[in-house]
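Student: Here it is: the structure, laid out below.
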Amino acid sequence: MSGLTFRSAKGHWMTNLSRPRSQGPTELFVPPSPPLDPEKIKELQRFITLSKKLVVMTGAGISTESGIPDYRSEKVGLYARTDRRPIQHIDFIRSAPVRQRYWARNFVGWPQFSSHQPNPAHWALSNWEKLGKLHWLVTQNVDALHSKAGNRRLTELHGCMHRVLCLKCGEQTPRRVLQDRFQVLNPSWSAEAQGVAPDGDVFLTEEQVRSFQVPSCDRCGGPLKPDVVFFGDTVKPDKVDFVHRRVKEADSLLVVGSSLQVYSGYRFILTAWEKKLPIAILNIGPTRSDDLACLKLDSRCGELLPLIDPQ
């Protein structure tokens, strides 16, 4: 697990990231997979070639090769490696101390989380869009890596950590702006943490959190929340309807890097299946929809997708 230190000294902020030398970020969080099968590559190539209005849905498995852990992968996912669990929506809404703890941890994790870059799988999907192959891209991730890669025909189903909104007036601001406000309010605060979660969270002790100051909305003084769907919350109905329409317009659906355990994404697979669309799944390990797919591939997203010719 990677170590991270964040310290303040007279207004100078430094980040020290250390990783075990024997493993790069790709190896840390990607589960083992079999070698690429040439026959499976041909099958996926045929699936993509025949697709004229392709919808792609991505999950945390596409970002593990960028150094961001997922939650559920066997042995390497966050649930397997730690007893940490993501914050619950109702706890964040109801409790100021919970919000203080969340923002302190997020403040420490933000420099590393926000620095992650797209990997070859993200760039491949961006290229598919440029070439007209991709009808629409739906991601369950909140890491902004598809946007960084240049995708624009994109729905961020669970929001994006790079945006912050006010729970009272709805004002939206970039997350980087909030980082500057944190620094101004906490000029002598310091903390050390181990590892960064898929949502940028880290672990801190209660003692570390106690003195951390959290800013309010500049506009109305209300509490701030990242523009993401926390566990226990639901995706807005208009966004769900929008994605359903894109799936109903499609002639095929490809799942990339998702076990589909969360219903907010799984429901669109059911829609595709009910519409009798061919479904292909690229994910290391079993998924909730393997029995609905005409093609299942257990390979690294970043190794396989760049081999596919989208034209």
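Glycine is treated like the rest: Cβ placed from N, Cα and C.
The feature region 'Disordered' is assigned by TrEMBL to 15-35. Residues or ranges marked as domain 'Deacetylase sirtuin-type' in TrEMBL: 34-311. Annotation source TrEMBL lists active site, proton acceptor at HIS158. For CYS166, CYS169, CYS217, CYS220, the entry in TrEMBL reads Zn(2+) binding site.
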Student: In whole Å, how far is CYS166 (Zn(2+) binding site) from the residue listed as 'active site, proton acceptor' when you measure between their Cα atoms?
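Tutor: Taking the Cα atoms only, the residue listed as 'active site, proton acceptor' lies 17 Å from CYS166 (Zn(2+) binding site).
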Student: Quick one: of CYS166, CYS220, which of the binding-site residues has the smallest count of other CB atoms within 10 A?
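Tutor: Lowest Cβ count within 10 Å among the binding-site residues (CYS166, CYS220) is CYS220.
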Student: Neighbourhood of the Zn(2+) site (CYS166, CYS169, CYS217, CYS220): other residues with Cβ within 8 Å of the Cβ centroid, in order?
Tutor: LEU167, LYS168, GLY170, GLU171, SER216, ASP218, ARG219, GLY221, GLY222
Student: For the binding-site residues listed here, CYS169, CYS217, which shows the highest count of neighbouring CB atoms within 10 A?
Tutor: CYS217
Student: Over all shown protein chains, what is the count of other CB atoms within 10 A of the CB belonging to the residue listed as 'active site, proton acceptor'?
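Tutor: 22, counting other Cβ atoms within 10 Å of the residue listed as 'active site, proton acceptor'.
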